[in-house]
Amino acid sequence: MNSPSPFGQNEWLVEEMYRKFREDPSSVDPSWHEFLVDYSPEPTNDAPAGNGKPAAAPTAPPEPASAPAPKPASTNGGAPPAKADTSTTRAPEKKPEEKTSPAPKAKTAAPAGVSDDDETQVLRGAAAAVVKNMSASLDVPTATSVRAIPAKAMIDNRIVINNHLKRTRGGKISFTHLLGYAIVQAVKKFPNMNRHFAEIDGKPVAVTPAHTNLGLAIDLPGKDGKRSLVVAAIKNCETMHFGQFIAAYEDIVRRARDGKLTAEDFAGVTISLTNPGTIGTVHSVPRLMKGQGAIVGAGAMEYPAEFQGASEERIAELGVGKLMTLTSTYDHRIIQGAESGDFLRTIHTLLLDDEFYDEIFRELGIPHEPVRWRIDNPDSIEDKNARVIELIAAYRNRGHLMADIDPLRLDKTRFRSHPDLDVNTHGLTLWDLDREFKVNGFAGKTHKKLRDILGLLRDAYCRHIGVEYTHILEPEQQQWLQERIEVKHEKPTVAEQKYILSKLNAAEAFETFLQTKYVGQKRFSLEGAETVIPMMDAAIDQCAEHGLDEVVIGMPHRGRLNVLANIVGKPYSQIFTEFEGNLNPSQAHGSGDVKYHLGANGTYIQMFGDNDIDVSLVANPSHLEAVDPVLEGLVRAKQDILDKGNGPDGFTVVPMMLHGDAAFAGQGVVAETLNLALLRGYRTGGTIHIIVNNQIGFTTSPYDSRSSEYCTDVAKMIGAPIFHVNGDDPEACVWVAKLAVDFRQKFKKDVVIDMLCYRRRGHNEGDDPSMTQPTMYDVIDTKRGVRKSYTEALIGRGDISMKEAEDALRDYQGQLERVFNEVRELEKHAIAPSSSVESDQMVPAGMSTAVDKSLLARIGDAHLGYPDDFNVHPRVKPVLEKRREMAYEGKVDWAFAELLALGTFLAEGKTIRFTGQDTRRGTFTQRHSVIIDRQTGREFTPLDLLTVDSDGNPTGGKFMAYDSALSEFAAVGFEYGYSVGNPNALVLWEAQFGDFVNGAQSIIDEFISSGEAKWGQLSDVVLLLPHGHEGQGPDHTSGRIERFLLLWAEGSMTIAMPSTPANYFHLLRRHGLDGIHRPLIVFTPKSMLRNKAAVSDLKDFTEMKFRSVLEEPTYTEGTGDRSKAKRILLTSGKLYYELAARKSKEGRDDVAILRLEQLAPLPKRRLAATLDEYPNAEQYFWVQEEPANQGAWPTLGLTLPEVLPEKLAGIKRISRRAMSAPSSGSSKVHAVEQQEIIDEAFG
């Protein structure tokens, strides 16, 4: 059966159920109630899911009172007779002539020509009515116009239409649908064709009916095998658009075949259509019944007789198309031949007309342009072959611009098109569709018809998936994608379709419950984008199919709760407990966080396979996309632990990242993170990016939020393939997800899926989006959800039975009930203030960080352990030699002390990751952790020699030093994530200058300083921030000590500014060995790197440990007298050396200088004990280089008097004045200010 209905051949059953539901809901299976409550039986004008409420097919209005005209007979003898439509003039009913019945005869003589052996049958019922009507039709003086019409445009457009319907909602459009609609449109131009003749008061009258009622001649087989013909009317056709016309047409045909037509259906036919062409008749002159003005007969579509023996190739070469003969048989009393001829010419024009098919395509929701009628182009086949190749390339490049990827279709007046995708632009026409062209291996063929080429290209690039991949530079990757995209579409199995439907059921049931139970609470629902659940499920399933180890998900807050429940498997009861605000006291350390920021872990088990895979969702803040680099770092850490390499079997932990469309285009960290994708220090073997594109950012429309065509354009920078997919087509989304994983596995690169959908509610559940997007939300408010539209499509295409649909509906209701049942069992906890996390991790007592002198010697030797044929740069070689000397003789500088600390860790089997801009050499040419061959460029890393012991056995240690991209936000986020993923590694990131760390402020605020308190997420990442006032200007001076101290609380991190190489050594050693997982912020020196006073003896490494407060060496060595000190200068960092030089120069025994090496947590007891060593101190000053409103003073000025009120209640500050910038831009001004600080300190 032909039907554009969403339910195809099953539409009648659904509509019958809907009718019963309207009359008595209890008469319909309860599983259908929720589905039918907002069901509209008319077809929508969208695919795959309708927008807005579909318009109902109009019903005939009450007919004005008038006397009936004479009853005409049905077309071609159809029974029962049709009734004339109303007119403005009353026509009195004619009284039938009285007839007297003849007396019965004993036997009737056989008619002439009938022998006694012939079989005779008395015609009764419908057959008798045919005889009567045919006889009556002899009284109608008719004439017939005949016109041969090219059928090619209609044939080709019907192919396009039905291919679209087959892929979307099912059903077919017949030629009679198109022809009937063209007749109705032609009648509007020639209304006289809709008139009929009558006699009123004995006078001839031309009756013009109020409406066009098109009579369809329907051939019906009887139970006895005989055929009968009925003519039923489609009423009020002139008021219908194409979708309504098809619905009314199919309703009449279906009821005729089911024997459910009523007398009203036969009444009022004004013009008829009969199509004997369906049985091969080429030319027909049907009889015209009384009460009608015309009947149109359609013949079979055939090639002209002289070409019917030609081959298909020859016909295509000559440009010969099929013809259809139309006849118009009309009542010559009221219609003239010219009118009938013009009427047929109009139908002819319509069936070739662009606008006619444009309307039909729009009504059926076909998003691209129809086949256009054009004159054949006489160019040679060779010229056209080149154009076909160009056309294929155009579709590969720009096919996505014509893809039907927007489920809302807000602009229904515009076809998705592009000049490059128009065959006419390439000098090709519909006459070329059946011609063969060389295609150079396209779809695995050497030659293909243009029709097949176009069909495959549109299926591949222009349906519900738009693909961008031609920006990829590697031909192998392009070819791999083409081989999988340019193939015949294969539907999922029924089992897979049911599984997809079950995931949609779960997604919608979850959101429905939350909306019902927690009205108005913020949850950032997934409604409108539920397809992301089966999409993610499919991607994870494919990862399991490849035998991978884990999928780690990072995502924003929208849809997060649904993902936690339906992907990660977090129990409903736990999620709803968080909704109730009932935090478990045993877990409520720190501040906690809102429910849609929390993470979880689970295991995914395949539905159609035997594998399982770990799945985790990382915690995130509301700072959109800030989690991106954190996820990548965490995954890299897990991969490094597994250590499966970079080959085909490597990268077995998969990062899956969800984004919003506005954020993906708008947040710079997206580009920063993408830029890391292929760098050796940051590769994770490809990320699966899924953009939940609801086409709005809070209240901002796409045209206000990005300059690019797509939100995904930024991903082209790394050569990632991009798939745009319609979120209302779950099967397409699932197919793309699997392909994305396969591509990632093959090429170890990122893949981007842009799933276009919508947001059913506002940005949050308390927001009203219609204030700013009224048109969009008018569409959304009446749009059926994807679960229902997918169910319709499955039934309409015949993929599942009505019984299976009922089972799916019961599954949905069962899942909803399951959620309701779980929430009744919620565990209740009393609410109490949250406790601090500070005491959760304590420094172990008696921990030693000293090392044996022999180990220091090994590290020194390693710096001269390069191969004999290695060409060390002449400026680097003296540095390496000096380091070996320091390892044996002392006077260790800062850079070598750092390498000694790292070397000892490697010897102890620890993994070290050290990154940053210019980190391997060092911004200040101080580190040289990796040596480059002056001639060949090969690398030598001295510390790698410490990963084996003196006997050559591996220690298990790894040293990974990388120069990072020029990024702070993504780079710091990555290292934080790495430290979370591998808590046993020592992870260091160094800023080029400390000033630039503010580029990573979101990571510092949201993760480093508060991740433990909010999520219980532990990290011991180390930030090294070069800091110090040296006259280099405001942007090369300050690591912003004040900001870190402001963020510090609850022991959230350690903030230090060591002043000696040995103390820095012990600080790093303590951090790596104490078992406390909290970030370490170190403000490192610049000019002090080469200060000859800033060196340490070997015994400081072999006998000491980290000291949070340092006195001057003269006091600790016993040469100074503490009792003489009356003025105590507290300071930190490199300023100490300037103060010490001034003291030494002036011999000021009355001044003592104390260094606070650890700024937070404040070493209160050690500081108090040290101050007690100076019994005669009278004045206390905090001396800093930084302006008064910066550095440590804004915090210490408040804290020191509180913690040590006996001594420091009156502590004063010595510093630069308060400044908005960190320093002066003039080196001369700097020198003056610096001198003033020193002078005031000793005043």
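Using the three backbone atoms N, Cα and C, a Cβ is placed for every residue, glycine included.
Residues or ranges marked as region '2-oxoglutarate dehydrogenase E1, N-terminal part' in Swiss-Prot: 1-40. The region 'Disordered' feature in Swiss-Prot is assigned to 22-118. Under the heading compositional bias 'Basic and acidic residues', Swiss-Prot lists 22-36, 91-100. Among the features that Swiss-Prot reports, region 'Linker' is placed at 41-103. Sequence annotations record features per position, and here Swiss-Prot assigns compositional bias 'Low complexity' to 47-58, 101-112. According to Swiss-Prot, the feature compositional bias 'Pro residues' maps to 59-71. Sequence annotations record features per position, and here Swiss-Prot assigns region 'Succinyltransferase E2' to 104-353. Swiss-Prot lists HIS332 with the feature active site, proton acceptor, giving similarity to another entry as the kind of evidence. Annotated region '2-oxoglutarate dehydrogenase E1, C-terminal part' per Swiss-Prot: 354-1243, in sequence order. Look at Swiss-Prot and you will find ARG558, SER622, LEU624, ASP661, ALA662, ALA663, ASN694 tagged as thiamine diphosphate binding site, backed by similarity to another entry. Residues or ranges marked as 2-oxoglutarate binding site in Swiss-Prot: HIS597, SER622, HIS1036. Taken from Swiss-Prot, the feature coiled coil applies to 799-831, supported by sequence analysis. Taken from Swiss-Prot, the feature acetyl-CoA binding site covers THR1054, ARG1070, LYS1105, SER1108, GLN1158, ARG1165, ARG1166, and the record attributes it to similarity to another entry.
Residues THR1054, ARG1070, LYS1105, SER1108, GLN1158, ARG1165, ARG1166, recorded as binding acetyl-CoA, reach a greatest CA to CA spacing of 19 Å.
Note on proximity: of the recorded positions HIS332, THR1054, ARG1070, LYS1105, SER1108, the one nearest SER622 (thiamine diphosphate binding site) is THR1054, by Cα distance. Secondary structure at THR1054 (acetyl-CoA binding site), taken from DSSP and collapsed to helix, strand or coil, is strand.
Residue pair ARG1166 (acetyl-CoA binding site) / ASN694 (thiamine diphosphate binding site) shows a Cα separation of 57 Å. Helix first, then strand, then coil: DSSP counts for the compositional bias 'Basic and acidic residues' (22-36) stand at 12 helix, 0 strand, 3 coil. If you average pLDDT over the region '2-oxoglutarate dehydrogenase E1, C-terminal part' (354-1243) in this model, you get 92.
Around the Cβ of HIS1036 (2-oxoglutarate binding site), 20 further Cβ atoms fall within 10 Å across all displayed protein chains. Remark: of the binding-site residues ARG558, LYS1105, the most isolated position is LYS1105 (fewest other Cβ atoms within 10 Å of its Cβ). Comparing the recorded positions HIS332, ARG1070, ARG1165, ARG1166 by how many other C-beta atoms lie within 10 angstroms of each C-beta, the top residue is ARG1070. Considering only the binding-site residues LEU624, ASP661, ALA662, ALA663, ASN694, SER1108 (acetyl-CoA binding site) has LEU624 as its nearest partner by CA-CA distance. Around ASN694 (thiamine diphosphate binding site), the C-beta neighbours below 8 angstroms that are at least 6 residues distant in the chain are GLY528, ALA529, ARG558, GLY660, ASP661, CYS757, TYR758, ARG759. Annotation for the binding-site residues SER622, THR1054, SER1108, GLN1158: lowest Cβ count within 10 Å of the residue's own Cβ, SER622. Under a cutoff of 8 A between CB atoms, and with a sequence separation of 6+ in the same chain, the neighbours of LEU624 (thiamine diphosphate binding site) are PRO556, GLY660, ALA663, GLN667. In the three-state DSSP classification, GLN1158 (acetyl-CoA binding site) falls within a strand. A straight line from the CA of HIS1036 (2-oxoglutarate binding site) to the CA of GLN1158 (acetyl-CoA binding site) spans 23 Å. Of all the Cβ atoms in the protein chains shown, 24 others lie within 10 Å of the Cβ of ASP661 (thiamine diphosphate binding site).
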